[in-house]
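A.B. asks: Encoded as structure tokens, here's the structure I'll be asking about.
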Amino acid sequence: MAVYLLRRLVFLLVSLLLASAVLFALLRLLPGDPANALLSVGATAEQIEAARQSIGSDLPLGQQFVAWLGHIFTLDLGTSFISGVPVGPDIASRLVVTIPLTLISFVLAVLIAVPVGYVAARRSHRWYGMTLSGVSQFGLAVPIFWIGILLISFFALTLRALPAGGFPRQDWADPLDAIRSLTLPVITITIVMTASITRYVRSATLDVLGSDYLRTARSLGASFRQAMWHHGLRNASVPVVAILGIELATTFLGAVVVESVFALPGLGNMLLTGIAQHDYPVIQGVLLVSTFLVLIVGFIADVVQRLIDPRLRGNMTGQRAAVVR
Amino acid sequence: MTRRRDRSAALIAGLICVGLIIAIALVSLLYQPYDPSDTSGGRLVAPSLAHWAGTDQLGRDLLTRLMMGAQIALVAGGGSVVIGGVLGIVLGLGAAFATRWLDDTLSAVLDILIAFPTLLLAMLVIAAQGASLGSAVLAIGLAMSAIVARLVRILAKRVLAQDYITAARTSGSSWPSIIGHHILPNIWPTVLVSLAIQFGAAVLAEASLSYLGLGAPPPNPSWGSLLQQAQATVYTAPLGAIAPGILLVLLVVGMNLLADGLRDVGDPTQRRRA
């Protein structure tokens, strides 16, 4: 386990480095100087020169890359071209919205999906088992932002029960207000993520239900409950934990999109504004932080999976996504 | 979904859904009820005989824009699948044949690429290249290629370990002929099923990007951007916020059903319960 942990940690570091390099390379593919992109938002020559110096794009590429790595280590992500606000602290203040949104939705989705997926598998030949699995199949095909729009039109515009968007200016100072603002976004993400996780729980449970060891345990006199408790749960949890890391990353991405639906001042909206204004340090900073979060979550999921299932030798990373997301 | 009959039912239902969208796209190539940029219809007109689906907030005919959206969705899905499929199969076969060291490196790189979320990759490409349908398709296709490559690598290695490959080698077949005669025909059904599912995912990804204003720039009528425009007027003109979503779901559910059905048709020995 210690060796694996070390190897997986090295793999994480290499991934982080590679991701930084890819990010750097792709953003520098911009024709000409990244600061020139400011022309399109009507910056003066002096402003562009100042921007160029602030990100060091007048230096040779190799030096720039070293400087960029140095900045990552010192957590200095530069300042926004447009607002002049330091990017690092701005991202931190946005995470106050994005992280609760992601985590609450994720935990809710897991809490709902595990029993629902189990029932869908255990009663796969009853009408409600089939209905559950059909609904989850359907939930996968629905664009997340569309669910948001439909929820807004019903709960916010028709019933006028919840705000259609926005977030209190003083963040969590008034927790109740903040929670009210996050309710519809959380429901939106939870619906989609529940559908997705349910399918994995269902198929993992089906595998266990059809397994020889469960039948053997039953034939040796164990009740279904005992057999499931002693043998089934741990086996069924392996593939589920494997995908939870990915699902958490997907939830985070869902949050990025849903923030836009509900005009929440989170990381996603910061990135979109950055892209619209060609604000190079903002784009770079947000993408870097998001990528790092996703890679670190993947690392944690792999380690947990390894703890549950010692059979996974030789595999560096656990089960990965089967679709683009 | 245990029995063969259910599978062929899924295949037929999938074909109907996807066929409907393809038919809409084909019709829109030849005939559109209105010019897509014609704003003479009046703003947010309710559905009528003249405008079956009403008009949008600029007075453009919604039915016309919905029909054009089918073209964009199919191009987005098809384009991504072509890029992801070709690149993924080449990379995956390469990794399957590569030396141990190269194979390990390639697998590690693929793992990192797969861990990198498609949407973020797309935003990165779009930040560098500017928002367009091409950027979106390129980014989605690249992300997909890593997933396809991983699948192809595993499947191809499984085939390569078979005795009949050794037999073919000893009887003098070249590697290209083995790929063509043994590997591709064997892995093709599974890859095709995966590509069908990816197609739906790619359509959703493009719609998300367009919704965020990162797809093809206006007046592009992607279903994602139609939904984005309709959100502001969802209370007064609900159809505009409902119809594009239904079409999206129809196409994606259709592709998933198609994949489900193909799984059985392509490989009758495989009887999966899930």
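The backbone N, Cα and C atoms fix where each Cβ goes, and this holds for glycine too.
According to TrEMBL, the domain 'ABC transmembrane type-1' annotation covers A:95-301. The transmembrane segment annotation in TrEMBL covers A:95-119, A:140-162, A:182-201, A:238-262, A:282-304.
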A.B. asks: Would you kindly check A:95-119, A:140-162, A:238-262, A:282-304 and say which stretch has the most C-beta pairs under 8 angstroms to the transmembrane segment (A:182-201)?
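C.D. replies: Answer is A:95-119, with the largest number of Cβ pairs below 8 Å.
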A.B. asks: Establish whether the number of Cβ pairs under 8 Å between the transmembrane segment (A:95-119) and the transmembrane segment (A:238-262) reaches at least three, counting only pairs separated by 6 or more residues.
C.D. replies: yes
A.B. asks: Any residues 6+ beyond the ends of the transmembrane segment (A:282-304) with a Cβ under 8 Å from its own?
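C.D. replies: That would be 5, 8-9, 12, 15-16, 19-20, 23, 27, 72, 77-78, 80-82, 87-88, 90-91, 241-242, 244-246, 248-249, 252, 256, 267, 270-271, 273-275, 316-318.
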